[in-house]
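Enquirer: One structure, as structure tokens, below. Some questions next.
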Amino acid sequence: MAGGNERSMKALKEVWKRAENSLCADCGKPDPDWASSTLGVFICLSCSGIHRNIPSISKVKSLKMDYWDDAQVQFLAKHGNAVTKAMYEAHIPIYYYQPTYNDCQVLREQWIRAKYERKEFTEPGKQLPYSDGMKEGILWKRGRDNGQFLPRKFLLSEREGCLKYFTKQDAKEPKINVKIDVINATFQPEKIGNPNGLQITYLKDNKTRNIFVYHESGKEVVDWFNAIRSVQFHYLKVAFPIASDNEIKNRLTRNFLKEGYMEKTGPKQREAFKKRWFTLDHRRLMYFKDPLDAFAKGEVFVGSGENGYSVQKGLPSGTQGNFSWHYGITIVTPDREYLFTCETEADQLEWIRAFTSVINQAMTPQEYASKCLDALSFPS
């Protein structure tokens with residue numbers, strides 16, 4: 001720690017090692033080594049970069065490399081993560097998505113700006129842009145067939161319990177009208193190629209349909225995301241009146257467990273392995289020719305171990321299909337085995353961990369019903 005007297009350094013270390021300050025105040029990353037001298041919070045390097053972009057609100061310094069004077073150390077000691085979070089996070093709606101260090105930049109930035117810059121959570125009952133059960137606006141949507149992003153009007157309605165989009169501004173009938181309880185939304189900046197890219201997924205005839213959208217404004221796209229969660233939450237509160245708020249919160253939008261390329265073979269296990277993009281969305285394993293395909297080419301249900309599902313490292317001996325990647329995975333189901341290969345051992349182990357986490361969970365009654373509806377199609 002450059003400069004600074006010994007007394008200040010000692011006092012700073014004492015405040016820094018308090019249990020409440022052991023995680024980043026904004027994303028929860030362990031061992032933060034930066035702090036805001038104006039807000040009094042301990043934050044990680046990544047979040048400090050976001051704070052640096054709002055200098056009128058937050059001035060950040062390194063706890064290891066920068067000089068802290070007595071007054072600044074006393075300010076940190078008086079505040080710290082617990083006191084500051086109690087002020088700025090006092091009234092967060094139960095449905096609002098609070099990002100972690102694993103989440104993308106736009107989610108973390110808008111969370112930080114919502115807290116400290118816009119002070120969205122400091123007052124009870126504050127009217128928020130995603131809380132009134134209705135949202136209407138323009139999102140840039142990727143065309144299903146031509147791949148072009150074009151502006152489309154979207155309408156989210158809690159009263160109707162649905163999300164719609166229209167191909168023309170003055171269109172009376174929507175192109176789609178999706179019930180809110182079958183929708184998922186997850187940020188996909190890398191896959192979509194835009195820092196504000198959002199993937200909206202829903203079930204159509206028990207098959208997964210993807211819509212890829214973005215907005216130029218990070219705030220606007222995050223508001224859309226939380227508006228969807230808000231409408232879902234209130235819809236499910238009515239549908240499941242005895243469920244707790246936390247139980248309902250756990251049924252809102254979710255991130256995919258794992259995505260990436262693997263090779264696969266067909267049901268006869270003699271066909272050549274083909275490279276495909278795979279998405280594991282809890283118990284639905286889907287594959288696509290292209291990561292931005294609107295529809296999955298095939299899906300398979302991944303059940304629990306007690307129902308005859310398992311994952312094994314490697315391929316069965318005597319596998320005949322030609323494959324260029326050599327790190328195999330076998331998914332065993334009551335009906336058949338599914339064979340995949342990964343490019344690297346690291347990929348193989350990550351996929352096995354993801355499958356294992358699903359298989360180790362007991363199935364819910366709703367998942368039993370979903371399994372019965374699934375055709376379990378996984379063509380070549």
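Cβ from N, Cα, C; glycine included.
Note that this is a predicted model, so its numbers are computed, not measured.
In case it's useful when we look at the structure, here is the feature table from TrEMBL:
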type	residues	note
DOMAIN	6-129	domain 'Arf-GAP'
DOMAIN	132-233	domain 'PH'
DOMAIN	255-360	domain 'PH'
Enquirer: So what's the mean pLDDT when you look at the domain 'Arf-GAP' (6-129)?
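Expert: Overall, the domain 'Arf-GAP' (6-129) comes to a mean pLDDT of 94.
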Enquirer: What is the three-state DSSP composition of the domain 'Arf-GAP' (6-129), stated as helix, strand and coil residue counts?
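Expert: Within the domain 'Arf-GAP' (6-129) the tally stands at 53 helix, 10 strand, 61 coil.
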Enquirer: So how many of the residues in the domain 'PH' (255-360) end up helix, strand or coil by DSSP?
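Expert: Its residues divide into 18 helix, 41 strand, 47 coil.
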